Amino acid sequence: QSIAQEVVGLFCMVLLTLTALVANTVVMIVILKTPLFRKFIFVCHLCVVDLLSAIFLMPLGIISSSSCFNRVIYSIAECQALIFLNVCFICASILTISIISVERYYYIVHPMRYEVKMTIRLAVAGVIFIWVKSVLITILVLVGWPQGNGATSASRCTVYWSPGAHKEIFVIIFSIACFVLPTVIIFAVYCRVYRVARMASQQHAPAQAQAVVPRHRSDSIASQVTIITARNLPLPRLMPERFLGSNKAILTLVLIVGQFLCCWLPFFAFHLHSSFTAGTVGGGHGEMVVTWIAYSSFAINPFFYGLLNRQIREELARLRRSCLNRPLGQELCPSVSEASVQENFLLFLQRATCTLETHASCISPSPRNRLDQTKMSFPIPGQVPEESS
């Protein structure tokens with residue numbers, strides 16, 4: 001049974017590592033190859049941090065977690081470097097997620113202010129702030145380490161087994177700065193975004209109810225039946241549509257916020273508990289489990305913050321077809337160059353809360369509508385008008 005558990009655990013760790021490597025690389029390449037996507041600097045930065053974590057942290061985490069590498073020995077300097085990278089990349093990833101949530105908040109709630117103030121200089125300043133704060137917090141974990149040429153096993157080269165004299169102070173500062181405050185920011189921001197989206201969906205419903213009523217009245221019996229039917233039927237259809245859109249918005253918010261909590265809450269709760277109850281947590285099995293639950297965030301982030309974006313998916317499909325030398329064909333949705341540069345989760349949320357009128361505008365016009373549009377257009381000089389049958 002222990003061998004089977006070891007094989008399953010090793011397979012899951014390797015699968016998470018490969019997923020993080022491939023997904024973050026793909027999203028980062030799509031953003032960098034498309035000039036219009038270069039404003040997605042925080043999403044690209046998140047992919048860079050998660051990719052570095054998949055290259056350095058996750059393989060070393062496999063060595064520290066698997067019993068197949070029990071004989072691996074690290075020197076004190078190597079163990080310090082590993083813990084430094086571990087804490088630094090975790091801080092950078094979480095802080096980037098919190099900044100992305102703030103960016104989306106300003107994009108949907110204050111769009112004019114966002115267009116004016118969101119510049120490349122401000123984005124670079126945000127990235128510098130992330131790394132400076134991450135490095136300063138990480139330095140605390142190295143305070144009080146023993147000096148010399150000592151050695152330790154790979155399984156004990158973790159934050160839990162850190163011999164630092166001020167480990168309790170570090171864990172408290174680390175948890176507050178990199179988990180508690182970002183969690184409060186993410187909760188507040190996405191709750192505000194949901195309220196705005198819900199208000200927008202409620203404002204569209206009365207306009208749609210008025211739009212379905214015929215403008216011209218007629219005395220015929222058929223027209224009166226049509227008026228009665230149009231006044232009575234659309235309302236039961238609009239309410240479930242709006243309710244369904246609201247549920248989609250709630251589901252999207254629950255997925256994003258829930259994914260963040262599920263990945264990072266066990267990790268920080270474990271270290272806070274172990275710092276105040278030293279010696280009560282036996283072995284390193286608990287830390288291995290919570291660490292890999294946290295590491296799974298590096299593989300999930302590119303899907304939630306990158307591939308969830310419609311533009312990135314379309315550009316990825318276009319690059320795939322171009323690599324396979326397939327014709328692009330006609331797309332139902334607008335091209336990436338014609339779409340807004342800053343479409344993110346926000347437009348996905350707006351589409352989730354859109355109503356029947358918004359869906360009707362996304363559908364290509366019918367041949368009858370095209371004929372009506374042709375009749376409404378200006379005549380071309382010298383053109384012989386065609387008689388419709």
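Including glycine, each Cβ sits where the backbone N, Cα and C put it.
Nobody curates TrEMBL annotations by hand; they come from automatic prediction.
Per TrEMBL, the features are as follows:
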TRANSMEM  6-31  transmembrane segment
DOMAIN    23-305  domain 'G-protein coupled receptors family 1 profile'
TRANSMEM  40-63  transmembrane segment
TRANSMEM  83-102  transmembrane segment
TRANSMEM  122-145  transmembrane segment
TRANSMEM  169-191  transmembrane segment
TRANSMEM  249-269  transmembrane segment
TRANSMEM  289-308  transmembrane segment
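Where the transmembrane segment (122-145) meets the stretches 6-31, 169-191, 249-269, 289-308, the count of C-beta pairs under 8 angstroms peaks at 169-191. Sequence-distant contacts of the transmembrane segment (6-31) (same chain, at least 6 residues past either end, Cβ-Cβ under 8 Å): 37-38, 40, 43-44, 47-48, 50-51, 53-55, 58-59, 61-62, 65-68, 292, 295-296, 298-299, 301-303, 306-307, 312, 315-316, 319.
In summary, the transmembrane segment (289-308) lies against the transmembrane segment (83-102): three or more C-beta pairs, each 6 or more positions apart in sequence, are under 8 Å. Taken together, the residues in the domain 'G-protein coupled receptors family 1 profile' (23-305) have a mean pLDDT of 80 on the 0 to 100 scale.
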